[in-house]
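Some notes on the structure that comes next.
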Amino acid sequence: MPEPVKVLVTGAAGQIAYSLLFGIAKGDVFGKDQPLILVLLDITPMMTVLEGVVMELQDCALPLLKEVIATDKEDVAFKDLDVAILVGSMPRREGMERKDLLKANVKIFKSQGAALNKYSKKSVKVIVVGNPANTNCLTALKSAPSIPKENFSCLTRLDHNRAKAQIALKLNVASDDVKNVIIWGNHSSTQYPDASHASVTLQGKDVGAFEAVKNDDWLKGGFITTVQQRGAAVIKARKLSSAMSAAKAICDHVRDIWFGTPEGQFVSMGVISDGNSYGVPEDLMYSFPLTIKNKTWKIVEGLCINDFSREKMDITAKELQDEKETAFEFLSSE
């Protein structure tokens, strides 16, 4: 058996983690023969709840799970990690300005970035889920200068999966038959879900999404707004934010980092924008279409960007620049 992979999940007493931990522990992410050490971090008031989560993981009697470490201390949580999945963040409370939310989270992710820098392996893969995910990820990256920038990514796979599902529902096909949708930009309501490079398998043949759907107005209108606002729609209906679908997206995201993307397919992830060929400003965590091989991602090059797409891509880049400026003001005053 290979050496255990050491994986941290933060916000481990929360509802996303509750759906996520079982998937990781039973081998859905790192493979069915890869032993694991799970490290669960949460804030001190959540430690009793976390004990219950540990009991349940023990009671699952999972053969791959070699050890579970529950802690409220960063020096314990970040020690010698292979993978860090940063789910925990300050949630937006009613009446809270986005600026206040950014300020609270800059503090958290600055501290966690510094802990990654100090205690984790330099090869650690860091996945940020806690919102605002892109800017939280950039904050952690800036606070961990000894870890390569390329090791940081943030979750836009939930948006990617939502986009696939919407096209599949529209055409009454399996979501696996929809390939190469793209989420550009921020994991927020300015994101740009782009179907212009997507294909759909119909009767064994791959057809462009626009040709398959035969409804350009929907693909340039209702499809985009549905994906952009899906998180809010789930909260309105369920009175809680997406957890099961978020956990599934995290599993997809990390599994693709670990094992690579299938030939001819790309996925969406927020990564550092340095050196991109799509006119996105440098030094942002921006969601691009990527292929992954040997645990290394590459932005898909050469996709044609029409005026409609350009405008949408610029709007979300502008929001990310504004967020970054606000976050960095707080960072420098910390």
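First residue shown is number 1, and so on along the chain.
Heads up, the Cβ atoms here are built off N, Cα and C, so glycines get one too.
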Substrate site partner of R92, R98, R162 (as recorded in Swiss-Prot), chosen from N131, N134, N136: N131
Tertiary neighbours of R162 (substrate binding site) (same chain, Cβ under 8 Å, six or more apart): P193, T226, V227, R230, S245
Binding-site residues (A13, A17), the one with most neighbouring Cβ atoms at 10 Å: A17
Using Cα positions only, nearest of the recorded positions to Q112 (NAD(+) binding site) (R92, R98, N131, H187): N131
Separation of alpha carbons, H187 (active site, proton acceptor) and Q15 (NAD(+) binding site) (Å): 19
Maximum Cα-Cα separation in Å among residues G11, A12, A13, G14, Q15, I16, A17, N105, Q112, V129, G130, N131, which the record lists as binding NAD(+): 20
